[in-house]
Each structure stands twice: as structure tokens, then as C-alpha cells.
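Engineer: One structure coming up, written as C-alpha cells, with questions to follow.
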Amino acid sequence: MKQLTIQSSQRNYPIVMEAGLRFHVKKWLNKKYSSILIITDDQIADKYLQDVAGSLDNEQIYSCIVPSGEASKSIEQYYKLQTKAIGSGLDRKSLIIALGGGVIGDLGGFVAATFMRGIDYIQMPTTILAHDSSVGGKVAINHESGKNLIGCFYPPAAVLYDTETLESLPYREVRSGYAEILKEGLISDNRLSEELLAFSLKQLSSDQLENHLEAGIKVKANIVEEDEKESGVRKYLNLGHTLGHALEATLGYGKITHGEAVANGMLFALHVSEDVKGVELPFNKLYNWMKINEYPIVDIEEERIAKLIKSMKSDKKSVSGHIQMVLLNKVGEPAVENLDDSSVEAYIRTYIERMKKL
Ligand SMILES: NC(=O)c1ccc[n+]([C@@H]2O[C@H](COP(=O)([O-])OP(=O)(O)OC[C@H]3O[C@@H](n4cnc5c(N)ncnc54)[C@H](O)[C@@H]3O)[C@@H](O)[C@H]2O)c1
Ligand SMILES: O=C(O)C(=O)C[C@@H](O)[C@H](O)[C@H](O)COP(=O)(O)O
Ligand SMILES: [Zn+2]
């Protein structure tokens with residue numbers, strides 16, 4: 001078992017990583033809850049819902065299963081969950097358990113944050129990507145104009161990561177999660193990113209996965225403890241997300257995974273960084289890594305550029321309509337830059353040209 005504690009303004013909470021943790025959830029509840037609502041999705045419910053429910057001895061346990069996928073981070077699903085919580089008689093002493101990937105964590109966390117002005121919730125991540133989403137208290141739903149535009153900072157009571165659940169993940173979700181681990185490497189540490197970029201995900205062992213998850217969680221934990229509400233260094237966790245989120249929103253939520261979008265966004269961020277900062281970065285290495293590991297490389301067509309720019313301007317980092325991107329001075333040294341629309345447009349065009357030559 002591995003454990004660390006995150007300090008936040010509202011509470012300190014443990015992150016516990018252990019195989020089989022879903023059978024011992026009760027042990028990690030630090031108070032008696034009047035009722036518990038487990039929120040999960042229809043891919044996870046058959047596999048793990050009964051294990052979690054059976055590990056609790058509460059008399060009032062409810063569950064709600066939403067369709068799997070990014071489209072569920074919607075106002076409609078949010079409202080249905082609130083209706084279920086009200087209908088089940090949840091009160092201020094109730095607990096929500098978000099059992100799933102980042103979609104369930106963000107959605108379930110936002111329901112908990114706003115139900116009766118906020119009740120406790122526990123993150124039980126079941127994807128690799130959710131090593132990132134379950135830590136740090138960002139909870140949200142999407143708007144058609146942009147990702148996570150409706151949300152808040154609301155730390156969980158605990159993060160209980162049963163690494164055994166990752167065994168049932170399809171390869172596409174392994175790949176998706178690794179984009180965020182690579183991001184954590186690129187913003188903090190040359191050694192981790194070098195190791196990952198030389199690595200084929202098809203040969204991943206469970207020991208390597210645990211080490212990478214631990215390394216990623218430590219990067220995330222240090223950053224969110226230093227800057228919980230993203231006024232400074234937390235923005236670095238957005239490397240690859242300015243274009244990544246715009247791709248997700250403009251292609252349609254769920255067309256590509258979040259990690260696939262972030263990988264494409266990081267490639268673009270390295271392209272821009274090389275020019276803005278006058279440095280050489282592992283652009284080709286990242287491109288090759290994405291190819292080897294079968295990340296879709298999004299073709300940006302001319303007619304999509306204007307939509308992408310519009311979407312990038314509605315990103316939460318934007319101030320007064322200026323696009324902000326996280327760039328790299330070098331690997332391990334991120335920096336936030338304001339860019340005007342015309343330069344972003346020009347960079348998209350030079351990026352398209354560069355990609356054609358690869
Ligand atoms: N709050 C944050 O700080 C933060 C950080 C990163 C990403 N996110 C958000 O997280 C979301 C992406 O999360 P995700 O990649 O986990 O997606 P996801 O929750 O959609 O899960 C991916 C897919 O895997 C399935 N799945 C989940 N666990 C499984 C398991 N153990 N076995 C088999 N299938 C399983 C799901 O049903 C889904 O189809 C995005 O909405 C992104 O914006 C939030
Ligand atoms: O925790 C953060 O801060 C991050 O930026 C982590 C990202 O991986 C994650 O996708 C997050 O949801 C993006 O936040 P947003 O504020 O840009 O929506
Ligand atoms: Zn992300």
C-alpha cells in the first residue's frame with residue numbers, strides 16, 4: 001500500500017493506492033455517513049460496483065449508473081444525478097463515491113460540491129488518467145462552448161485508488177492516461193519524460209505502471225498543494241490543454257479521448273515553444289512516441305482553424321480574450337505565455353506544414 005496526504009485549504013485528504021482496495025472502502029471512511037450514493041458508469045458498474053457497495057456496512061446505499069464517455073459530463077446528467085440524490089433522501093451527512101475515470105470523478109465531484117451546497121465525496125479512480133483527475137479538487141461539467149466551463153475547486157475526502165481495477169482497462173485508455181503522465185514528466189523532470197518517450201506502452205508491466213503512476217501523482221500533488229486555485233504554477237498542468245480542449249470541443253465530446261487530445265496539444269505546444277523560446281525540444285521524439293503507441297494524430301484542416309482559435313479563447317486560462325498557452329523553456333521548465341490570435345493562427349499553419357513533412 002502507498003499513501004500520501006494532500007493539504008488543501010478546506011481539508012487534508014489521503015491518497016491511498018493499493019490492489020484490492022475496493023473491498024475495504026469502509027476502513028477509509030473517517031465518519032459515520034447517513035447514506036451513501038455511488039456514482040459510476042455503465043462500463044464499470046458490472047465489474048466493480050458490487051465490490052464497493054459490499055465493502056460498506058451502511059444501511060442506506062444507493063447507486064446511479066451514467067452512460068460511459070465524455071458526453072456524460074453534461075448539464076443533463078448533472079441534473080439527473082441531483083434528482084437521484086434528492087429522491088434518495090441524501091442529506092448533509094451523506095457521502096458520494098465517484099467510482100470511475102475522470103468523467104465520473106469530475107461529474108460526481110461537481111454533484112457533491114453543489115448538492116445542498118456541498119457534501120463529502122470520495123474519488124475512486126479506475127483509469128490511469130484518473131491518477132491526475134482524482135487529485136487536486138477540480139470538478140466540472142462541459143459546455144458545448146468548452147471543456148469544464150462549469151465547475152469549482154472542491155477537494156475530496158479521500159482518493160482510494162484500487163490499482164487492480166486498471167487490469168480491465170482497454171489499450172486505448174492506457175494510452176490516454178499515459179499522455180497525462182508524460183505531461184507531468186515534461187513539466188517537471190527530464191528523466192521521467194526521457195524514460196517515457198523511449199517506451200512502448202504495449203510492453204508495460206504492472207510494476208512500471210505503478211512507478212509511473214506514483215511519479216505522476218507526486219508531481220500533481222506538489223503542484224496543487226502549492227497553488228490550489230490555479231493562480232500560478234498549477235497552470236503548468238495545462239500543458240497541451242489549450243489546443244487539446246479545443247480539439248475535444250470542436251470535434252465533439254468523446255470523438256477522441258482526453259489523453260489523445262492532450263498528446264496532440266503537447267506536440268503543438270512543443271512546436272510553438274521551439275519558436276517562441278528559441279530552443280530545441282523533443283518534438284520528433286514525441287511525434288514518434290505517439291506513432292509507436294498509436295495515438296491518433298489529428299489532421300487540422302484549413303476550415304477548422306477559426307473554430308479552434310475561438311474555442312482556445314474561451315479556455316479558462318484566457319484573460320480579456322487573450323489565448324494563454326503553457327510552453328517549455330526546456331523540458332522540466334514550463335512557462336505561461338499570452339499569444340495573440342494572429343500568432344496562434346500562424347503557428348497552427350506552420351504546424352500543419354511541419355506535420356506534412358513527417
Ligand atoms: N479534474 C481534473 O483535474 C482532471 C484532470 C485530467 C482529466 N480530467 C478529465 O477526466 C476526463 C477523462 O477521464 P478518463 O480518461 O478517465 O475517461 P473516462 O472516465 O471516460 O474513462 C475512460 C473509459 O474507460 C472506461 N473505464 C473506466 N475504468 C475502467 C476500468 N477499470 N476497466 C474498463 N473500462 C474502464 C470508462 O467507462 C470509459 O469508457 C476528461 O473529462 C478530462 O477533462 C480532469
Ligand atoms: O489539475 C489541473 O489543474 C489540470 O490542469 C489537470 C488537467 O489534466 C485536467 O485536464 C484539468 O481538468 C484541466 O483543467 P481546466 O481548468 O483547464 O479545465
Ligand atoms: Zn488533462
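Every residue gets a Cβ built from N, Cα and C, even glycine.
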Engineer: Given that TrEMBL lists HIS241, HIS258 as binding Zn(2+), which residue among GLU164, GLU167, GLU180, GLU333 does it place in the same site?
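Structural biologist: When TrEMBL describes the Zn(2+) site, the candidate it includes is GLU180.
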Engineer: Over the domain '3-dehydroquinate synthase N-terminal' (64-175), what does the predicted model average in pLDDT?
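Structural biologist: Mean per-residue confidence for the domain '3-dehydroquinate synthase N-terminal' (64-175): 98 out of 100.
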Engineer: Determine, to the nearest whole angstrom, how far the Cα atom of ASP106 (NAD(+) binding site) is from the Cα atom of HIS258 (Zn(2+) binding site).
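Structural biologist: Cα of ASP106 (NAD(+) binding site) to Cα of HIS258 (Zn(2+) binding site) measures 13 Å after rounding.
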Engineer: When DSSP states are grouped into helix, strand and coil, how many residues of the domain '3-dehydroquinate synthase C-terminal' (177-318) land in each?
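Structural biologist: Reading the DSSP string over the domain '3-dehydroquinate synthase C-terminal' (177-318) gives 103 helix, 0 strand, 39 coil.
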Engineer: Rounded to the nearest angstrom, how far is the Cα of HIS258 (Zn(2+) binding site) from the Cα of SER72 (NAD(+) binding site)?
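Structural biologist: That separation, Cα to Cα, works out to 14 Å.
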